[in-house]
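Everything below concerns the one structure shown next.
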Amino acid sequence: MNFAKYFFKKILLTLLGVLVTITISYFVIVIFINNQNGQPIIKNYFKFLISIFNGFGKPLLANNSGFKSSLSLFFHYYKFSLLFVGISFVFSFFIGVLVGIWLGYKNNKFSDLAISFIVFILAAVPTFIFAPIMLIISEINDLPVNFVEPSAFGFGFTLLSLMIPISLLSLGIIAFFTTITKSNLVQILKKDYVITLKANGLNSWKIFQKAVIKNLFISIINQIVPILVLAISFSLIIELIFQIPGQSIILISMFEQGEINVIMALVFFKTLLLFILAFICELIYDILQVENGYNFYFNLNIKDRIAKIKFRKGVHCVK
């Protein structure tokens, strides 16, 4: 399949998905918010679409007039959620995958059974059960219990105040990534091509480089977006517990104030973020996965490409 056509098709589907999602979200949200200007909903909807290119318009209420646009009001709060969830997710991804790989190679051994039991508990126990334990730990270690904004004591103290919330959110995400990685690795190690490489005398590290890591990455990559959605959902609870002024503030306060432009900025940004991430994951998956029938080919061998260029120049000179 031609890569340009495939890429263009994926972009169109992504943009269509974003449009459909924000359209449905708008008409659902507007049911619960009073119509501020008394105009028809469909007219307000098209005004909203136009306002996307102008910072989602100005805030509706006077007490939010200090912000130039609804987008600036949205980012005033959401930047803390983005920092909190971003650090937690990236940290959890790498730790979860590494632990999952280690458990996969230790499958059915005592160390695997012991750590798998701990992972099961982390995945099964609700977040609000661990929260009081984390609060006690923070008080014992003299860590800030509530979120501290950078304007108070600096960005370093802000990160320090996020340590406990990040740890709490990371517990569940690490458990998910560990379970998925281990399960897929155990299946990969049973494949015929891995058994053949073992029979040819290759050690575990060589087999991991040649046959395991690519297939493991393929099996994990499509799980990233669903786990991120779960992480965002769990983060709402944690933000309320530790008083982080992020997306939880937007959802609660802005609904009460009827700031539909700010709420839709949240919906639009999160929808766009998730769809772009899904687009990237699917693109990487289809490029790496040979069995899907696309069979894209990218020549990344620089020496080979230089040799071909020299050969073409030589042929041109002979002519």
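Positions of Cβ are set from backbone N, Cα and C atoms, glycine also.
Lifted from TrEMBL, the feature list:
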TRANSMEM  12-33  transmembrane segment
DOMAIN    78-285  domain 'ABC transmembrane type-1'
TRANSMEM  82-105  transmembrane segment
TRANSMEM  117-137  transmembrane segment
TRANSMEM  157-180  transmembrane segment
TRANSMEM  216-242  transmembrane segment
TRANSMEM  262-285  transmembrane segment
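Outside the transmembrane segment (82-105), and at least 6 residues removed from its termini, the chain residues within Cβ reach (under 8 Å) are 111-112, 115-116, 119, 162, 165-166, 169-170, 173-182, 184-186, 189, 204, 216, 220, 224, 227-228, 231-232, 235, 238-239, 244, 246.
Long-range contacts of the transmembrane segment (117-137) within its own chain (CB-CB distance under 8 A, at least 6 residues past either end) are made by residues 99, 143, 145, 164, 167-169, 171-172, 174-176, 178-179, 234, 237-238, 241.
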